[in-house]
Structure formats: C-alpha cells, structure tokens
C-alpha cells in the first residue's frame with residue numbers, strides 16, 4: 001500500500017466506520033452504500049466517499065461497498081491486521097474499566113500488562129491480569145513488545161508515567177489524565193479526556 | 001453572538017485550547033501566540049488562527065491572544081458560562097471513574113445524578129452521589145433540569161438507556177458503550193468509545 005499522509009480527522013473516523021461495518025457483517029449484510037453509512041453515522045455521504053477514496057477504489061457505483069472487503073481494508077490501514085500489545089498504568093476505576101474492554105478489542109489489540117505505583121494494588125487481579133509494580137515496567141514492556149501505553153493515573157502523576165513509557169520504548173500513548181503531557185516528537189499522543197468530550201457536546205445544546 | 005455552523009472538528013478542538021489556556025492562566029501568563037499554541041498542541045498555527053477566527057477577532061498581530069479573554073470567549077462559545085447538569089447511567093468501574101472527574105468539571109458542568117439497573121448498586125455512594133434506581137430517572141432528570149446524559153452500561157443495555165434518556169427530555173448523550181445507539185435527530189450523540197481511540201492511535205505506529 002502506498003504511504004499517504006491522512007488527516008487526523010479521517011483517521012479518527014475510520015474506527016467508527018469499522019465498528020458499524022462489523023455490526024453489518026455480523027448480520028450478514030453484504031453491501032452498504034455511502035448513503036446508508038451517512039444516515040447511520042450522521043455524516044455527509046460525500047464526506048464518507050472522500051474518506052474511503054484515500055485508500056483506493058473500494059466502492060462500486062450503484063451497488064456500494066462490499067462490507068467484508070471494506071472491513072479488511074480498514075483493518076489493514078489501521079494496522080489492526082497485526083497483533084498490537086498494549087500496557088496500562090493506573091489500576092483505579094478507569095484502568096479497570098478499560099481492562100474490561102479487552103474482550104471488545106478482539107485478538108488484534110490487547111492490554112497485556114497493568115502497572116500501578118501503589119503498593120496495595122500490586123498483585124490484584126483485573127480481568128486475568130495481575131497488577132505489577134512500576135519497577136518492572138521497562139522489562140515487561142520490552143519482553144511483551146508493547147507498542148502503545150495507556151495512562152489512567154491522576155493528573156499529577158501523568159507526566160512521570162509518560163516519561164517512563166517513553167524510556168521503555170513505547171511508540172504511542174493514550175492519555176486519560178486531564179493534563180497535556182510532553183513527549184518527544186516521535187511518540188504519538190492522543191488525549192482521551194472525558195471533560196473535553198463533555199465540553200464539545202455542550203456546544204450543541206440550544 | 002451570531003449563530004454560525006461550525007464543523008465538529010473545530011468544536012472538538014476548542015476544549016483542548018481551553019484546557020491549555022487554563023494552564024497558562026494559572027501560571028499568570030497573559031498572552032499567547034498561535035505559534036506557541038501550535039507547538040504545545042501539535043497543531044498548525046494557521047489552523048489555530050482559522051479555528052479561533054470563526055468566533056471573532058481575538059488575536060492581535062505580533063502580540064498574540066489575551067489568555068483570559070480567550071478563555072472567557074471559548075467558555076461562552078461552548079456554553080460553559082452556564083451551569084449544565086449531567087446524569088449518568090451505569091455505576092460500574094467506568095461510571096465511577098467519570099464521577100471522580102466531577103472535580104475537574106468545575107462549577108459549570110456537573111454529574112448531579114447516577115442511576116443503575118442492578119438492585120445491589122442502588123444506594124451506594126460515589127463521590128457524594130447516591131446511586132438511584134432507573135424507576136426514578138424521569139423524575140430526577142426533570143427536577144434537576146439535566147441536559148446531558150452519559151451512558152456507561154454494557155453494549156447490550158445501551159440502546160434501552162438511550163431511549164430512557166430521550167423520553168426524559170435529555171438534549172445530548174455521551175455514549176461510552178461500544179455500540180452505535182439510535183436517537184431522534186434533535187438529540188446529539190457523541191460516541192466516546194475507547195476502542196476507537198486505540199484503533200486510530202494504531203494508525204500512527206510505523
């Protein structure tokens with residue numbers, strides 16, 4: 001596949017397409033039009049066609065997209081056709097909730113290790129994962145070939161955890177702490193702050 | 001303020017600007033350039049100027065933006081200058097984690113009620129909120145003038161909860177369940193699925 005620079009907005013829509021396509025596939029729906037996708041996802045069909053056209057000619061005029069083929073292509077684009085091990089630091093309520101999502105991540109992306117700085121949490125079991133001490137972070141991440149780190153610690157500890165992830169060789173970080181963390185430019189960070197979600201939703205209130 | 005149609009991508013960036021501006025304000029920084037904002041937020045400065053220009057002429061050439069003025073304006077635009085009561089259904093790990101964010105939401109947006117369908121959770125205390133039964137949902141939402149509903153139940157129950165929120169008059173829903181929920185077009189839904197966050201992050205791995 002040729003390498004093209006795709007805007008973050010498009011990259012963020014692809015998993016949403018994928019989720020809906022997976023629902024269709026489960027119901028044995030074989031083709032879907034950009035119109036149907038648009039109605040379901042509250043997006044302009046022209047926008048959807050444009051998004052998907054970045055990656056090649058998937059759709060057929062008057063017929064639509066082959067659901068399973070499109071799933072396969074989006075999975076390739078998002079690199080979900082390989083196994084991506086994930087580690088999480090912060091075994092509080094949010095950390096536990098995220099570990100429970102493991103079942104939805106299927107076999108391609110999985111939280112393989114959970115860490116916490118608090119001694120009383122070490123050894124606890126969350127969804128078959130034992131909470132490990134921060135002193136084992138580097139070793140575990142390198143052994144398990146972890147590529148993505150998730151931060152679910154309080155804001156005051158988030159930068160420190162990010163630094164540890166960067167040291168250990170993690171390539172991307174999903175940060176849930178309500179704080180902007182600093183990392184070298186080669187590490188990709190997404191902020192998944194729930195307050196910003198709520199705040200952007202408020203804009204749409206009358 | 002004139003009403004203009006702003007793209008969702010811009011609306012989603014505003015809370016991110018706001019968070020960083022709040023950090024600057026706490027440090028008594030009085031002005032900030034689009035360059036500084038761009039470096040900090042990993043965005044093109046021209047993009048930032050364009051985003052903020054939607055709302056009027058905030059910046060001064062060669063000086064930058066007045067931090068406190070910009071905070072006030074973004075808060076107005078996002079309607080965070082009024083109190084917006086929020087209700088949450090699903091008092092599991094994720095629901096608890098979100099209630100603990102209440103402290104960050106300051107006085108403008110607050111989770112004022114928590115509900116759960118499971119009897120053994122009714123009456124539990126989460127961050128000073130008592131978990132209420134679903135039978136009280138309509139009454140509580142109308143009394144507390146709740147405008148935004150948050151769904152943190154398993155996928156299989158999410159649509160049912162969304163229906164209850166819609167019935168009760170909620171105007172917007174933040175859905176954390178990994179399922180696309182259906183609501184009437186006048187209700188705004190944002191999906192805050194953690195799997196889509198992780199999947200879009202995978203795209204940036206080499």
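Note: Cβ is positioned from N, Cα and C throughout, glycine not excepted.
Your range for DNA-binding region, going by TrEMBL and the list A:16-55, A:56-95, is A:16-55. Packing around residue A:92 (NAD(+) binding site) is summarised by its Cβ count: 17 other Cβ atoms lie within 10 angstroms of its Cβ, all protein chains included. For the DNA-binding region (A:16-55), the list of distant contacts is 1, 4, 6, 10, 63-68, 70-71, 73-75, 77-78, 80: same-chain residues at least six beyond its ends, Cβ to Cβ under 8 Å. A distance below 8 A between C-beta atoms marks A:92 as the binding-site residues from A:90, A:91, A:92 lying next to chain B. Just so you know, the Cβ of residue A:93 (NAD(+) binding site) picks up 19 other Cβ atoms within 10 Å once every protein chain is counted. All protein chains shown were included, and the count of other CB atoms within 10 Å of the CB of residue A:95 (NAD(+) binding site) stands at 26.
Annotation for residue A:94 (NAD(+) binding site): same-chain Cβ neighbours under 8 Å, separated by at least 6 residues, are A:152, A:176. Here the DNA-binding region (A:16-55) returns a mean pLDDT of 85 for the predicted model.
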